[in-house]
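Working notes, beginning with the structure itself.
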Amino acid sequence: MGPGYLPRVLGYFLGALGVLIIAFSAKTATDFPKINVRALVCITAGIVVFAFLMNPAGLFISTITLVFLCGLSEKKFKPVRLALLSLALCLMSYLIFILGLNMPIRLFPWSF
Amino acid sequence: MEIINNLALGISVAFTLENLMYCALGVTIGMFIGVIPGVGHLAAISMLLPLTYYVPATTALVMLAGIYYGAQYGGSTAAILLNLPGTPSSSVICLDGYPMSKNGRAGVALFMTTIASFVGSFITVIVLAAFAPPLANFAVAFNSADYFAMMLLGLVAAAILVQGSPAKGLAAVVFGLMLGMVGTDVSTGIQRYTFGLTFLYDGINIVAIAMGIFGVTEVIANVGKVAQIKNDQKITFRSLLPTKRDVKDSVFPILRGTGIGTGIGILPGTGTSIGSFIAYALEKRISKDPSKFGKGAIEGITAPESANNAAAQSAFIPTLTLGIPGDAVMALMLGALLIHGITPGPNVISDNPDLFWGLVVSFLIGNLLLLILNIPMVGLWVRLLKIPYPILYPAIILFIVIGVYSINYANMDIMLVAMFGVIGCVLLILGFEPAPLLLGYILGPMMEENFRRAMLISRGDLMVFLERPVSATFFALIALFLCWSIYSAIKQRRSPVEGEL
């Protein structure tokens, strides 16, 4: 048996289970639980943008962007509160991750 | 006396400054996230998993475990005061805890749940210390076929005992097994499921999966749901004191709850919630006056509270002796062991006695710390309930992304977190439990290795799994589990056609 053996077996299993679930879902189906789509989009976008900004732009700019994008998932946009929160979080992550744990993380676009 | 030597070893490990500090840190964080509704212990543990790269294995486990059992203490606070469970397992506490608080007995309820938590944990830690080493000694004789069968049993049990449809549980396990295969195959060096992407060659990082599926998904599911909390109750020190009757009525429920919790915690796939539900149901059934339940019966909070704490501790028994994690938290604990190069299994206790006994002693210290954190400082925790969620969740997301970034300083890991956050939401909508998926991911590579080894030794003869008595027993149990789940599905729906696996 080679490296492809187990993936293939698991593929068959997953297919069979899928058929089973579909076959019986018509009778057991319930409504989908509602999920906050706005939060899903905003928070995912925030994380993705953070991933791309982290290396070129550094921790502070990425943090501020992330906090504001997350804040968009609320119905009311509160820029002042988000600004204060993002500054506080910048300070906290600087203290914990850079001073406390000595992680080599870039702070600003122009640092190292 | 072996036990005294072992305990002495445990004390020497647990009382180092570093371990004491991380133990205190763990239980405080656990208490904190337990108190606040909308932040679960899984999110917190996966958030702090990257930190374990920086500390020794024992210290890492001491801290992560502290978060887990600390959250069990804290969970009841919001349940009692606001009718909102701080952790899923404390939703039963709402039933009688909130009425008690409306009757002006919130202080008593908080005090008694703390005591129940403490007693439940303490007894179970002793059970853990007494039974784990012999169990591990028994399991040392297992060979690879037995291992494979045991892990398969763990996965099947976890998939079937999980809430919802067993077929969906099994599908989640299979998907998890596949995720565990991503990367370079250990025996042949061939890439599997990497789609030519170099950052997948080492496999998907456990931290990325756990943070995405548990952390990000939980935040997304809670945004907008956790309302701004108005809580004006003042808990004075005097209001904490229970009457003699409260104490008398709680002694046996606490002991029964502890017994149930310990038993349930050992089973794979059950977690702490089921223990507390069963404990509540039992108290209601054997009570002389079942009508008082739901109106603030003290048994209705003490029994489930001791059960969920006992389950949180006894879950360590199969995890540390057999390497089979009972729930997602235990899977993360195994992940922390793997990060430090310790292979989970029966040898953990004999090869790393300092880890096991240090952990046991740290449980005792942690529970004592929680008692101190809870009773004099209850007012502080109550005030924490006023932190609005819109301030909390950007912070959680930020710590998640920085945490996962700090492991390899790779921004693709952050992308994976985002991806698994979305996958977690899809699973939530479709009614798949994420815990079996994580179990499959953790156990998958170990299972495959043992399966291949067994096949090599038996020269490809699958009968080896039925010839060895130990593995045959496990396979019989698997068959029993599957039959039982089909039977109960049929019985529940009364018609064989509608039965779902």
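From the backbone N, Cα and C atoms, a Cβ is placed for every residue, glycine too.
So that you can see what the record holds, here are the features copied from TrEMBL:
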type: DOMAIN; residues: B:20-439; note: domain 'DUF112'
type: TRANSMEM; residues: B:19-39; note: transmembrane segment
type: TRANSMEM; residues: B:51-71; note: transmembrane segment
type: TRANSMEM; residues: B:107-132; note: transmembrane segment
type: TRANSMEM; residues: B:138-162; note: transmembrane segment
type: TRANSMEM; residues: B:169-191; note: transmembrane segment
type: TRANSMEM; residues: B:203-224; note: transmembrane segment
type: TRANSMEM; residues: B:322-343; note: transmembrane segment
type: TRANSMEM; residues: B:355-375; note: transmembrane segment
type: TRANSMEM; residues: B:387-408; note: transmembrane segment
type: TRANSMEM; residues: B:414-444; note: transmembrane segment
type: TRANSMEM; residues: B:465-487; note: transmembrane segment
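If one looks beyond the transmembrane segment (B:169-191) by at least 6 residues along the same chain, the residues whose Cβ comes under 8 Å of a Cβ in the stretch are 155-156, 158-160, 162, 200-204, 209, 427, 432-445, 447-449, 452, 501. Sequence-distant contacts of the transmembrane segment (B:465-487), counting only residues of its own chain at least 6 positions beyond either end whose CB sits under 8 Å from a CB of the stretch, comprise 141-143, 145-146, 148-150, 152-153, 156-157, 160, 166, 454, 499, 501. Simply put, out of B:51-71, B:322-343, B:355-375, B:322-343 has the most Cβ pairs sitting under 8 Å from the transmembrane segment (B:414-444). Counted over residue pairs separated by six or more positions, the transmembrane segment (B:387-408) shares at least 3 Cβ pairs under 8 angstroms with the transmembrane segment (B:203-224), which defines the two as touching.
Of the candidate ranges B:19-39, B:51-71, B:107-132, B:19-39 has the most C-beta pairs within less than 8 angstroms of the transmembrane segment (B:203-224).
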